[in-house]
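Undergrad: One structure is given below, represented as structure tokens, and several questions about it will come after.
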Amino acid sequence: MATTCHGFVVLCFLALLACAAINGQLSPTFYSSTCPNLQSIVRSGMTQAVNREQRLGASILRLFFHDCFVNGCDGSILLDDTATFTGEKNAMPNANSVRGFEVIDTIKSSVEAACPTTVSCADILALAARDGVVLLGGPTWTVPLGRRDATTASQSAANSNLPGPGFSLSQLISSFANKNLNARDMTVLSGGHTIGLARCVSFRPHIYNDTNIDPSFASQRRQSCPSSGGDNNLAPLDLQTPTTFDNKYFQNLVAHRGLLHSDQELFNNGSQDALVQQYSTNAAAFASDFAAAMVKMGNISPLTGTSGEIRLNCRKVN
């Protein structure tokens, strides 16, 4: 009797998973029968990329964020512009800035070789973002899967939906609220700035005009970011451990050493000060909250079921 019940429960569970996928819910086991080696293929590709250039872990994380915030996590950011199609790559927040597309291309080729016409570019990006964080010492999380790829993109949505480096705390909170992410999600996801680099053009106003910045830090950053020119000169978002995913970003904010205006807004006598303080001293709390918020962000408006397509080349619609 017990065995029969157990079998029945398993069948029900599998039926629920199947229904969940059809009804627009993502599932971690979506490809377990159709592409069982998917996770190891993506991890291998990301390991090679990060070994070659550690910054790529941050680049892919940002790529995923910029995908999800523009019409959902649908791989639309990966589409190239053509004579008849305007994508998101040249939107203001993305132009000369988002990078790592060739990493996704390489992983996609490997996935296509193993499981043709099965796995979306959107899901590959979601897995790659997680793996980049893990490879740089950050937390892991289970990635729900089953996203499909957009056949359209929106440069105007990219220009209007992505939060900018000059945003105030209230602008940041409302930008994330528009995507059903709360202020706590916003603060913990900003902790992704524990890795990666920013361009001088993005942090120049903060180091020259703002007063809520440690003076010695400002003067150190000005050496490689002149008041005019040098727009593309790079500086680490986390001056302590720029290629390690840890809670040092929050320690920097408490010391008024955030690189972007929008970073320091999280610790500037406002509603997020206490949470920043907590993360600055509790690395485990940051890690677990970050993982949970990444799953939440990955659930923004996915295309599922028969919507969208499984792109064969991540750069163009089929």
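Any Cβ shown, glycine's included, is placed from N, Cα and C.
Curation plays no part in TrEMBL annotations; they are all automatic predictions.
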Undergrad: Need the cross-check against TrEMBL: the disulphide partner of Cys200, picked from Cys121, Cys225.
TA: Cys225
Undergrad: Cys115 pairs with which of Cys19, Cys35, Cys68 in a disulfide, per TrEMBL?
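TA: Among Cys19, Cys35, Cys68, the record in TrEMBL lists Cys35 as the disulfide partner of Cys115.
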Undergrad: If you count, for each of the binding-site residues Asp67, Asp74, Glu88, Asp238, Asp246, the other Cβ atoms lying within 10 Å of its Cβ, which residue has the minimum?
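TA: Relative to the other binding-site residues in Asp67, Asp74, Glu88, Asp238, Asp246, Asp246 has the fewest Cβ atoms within 10 Å.
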Undergrad: Between the Cα atoms of Cys73 (disulfide bond) and Asp67 (Ca(2+) 1 binding site), find the distance and write it as a whole number of Å.
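TA: Cys73 (disulfide bond) and Asp67 (Ca(2+) 1 binding site) have their Cα atoms 5 Å apart.
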Undergrad: Report the nearest neighbour of Ser76 (Ca(2+) 1 binding site) in space among the recorded positions Cys35, Cys121, Asp238, Thr241, comparing Cα positions.
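TA: Nearest listed residue in space: Cys121.
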Undergrad: Can you give me the average pLDDT across the domain 'Plant heme peroxidase family profile' (25-318), rounded to a whole number?
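TA: Looking only at the domain 'Plant heme peroxidase family profile' (25-318), pLDDT averages out to 98.
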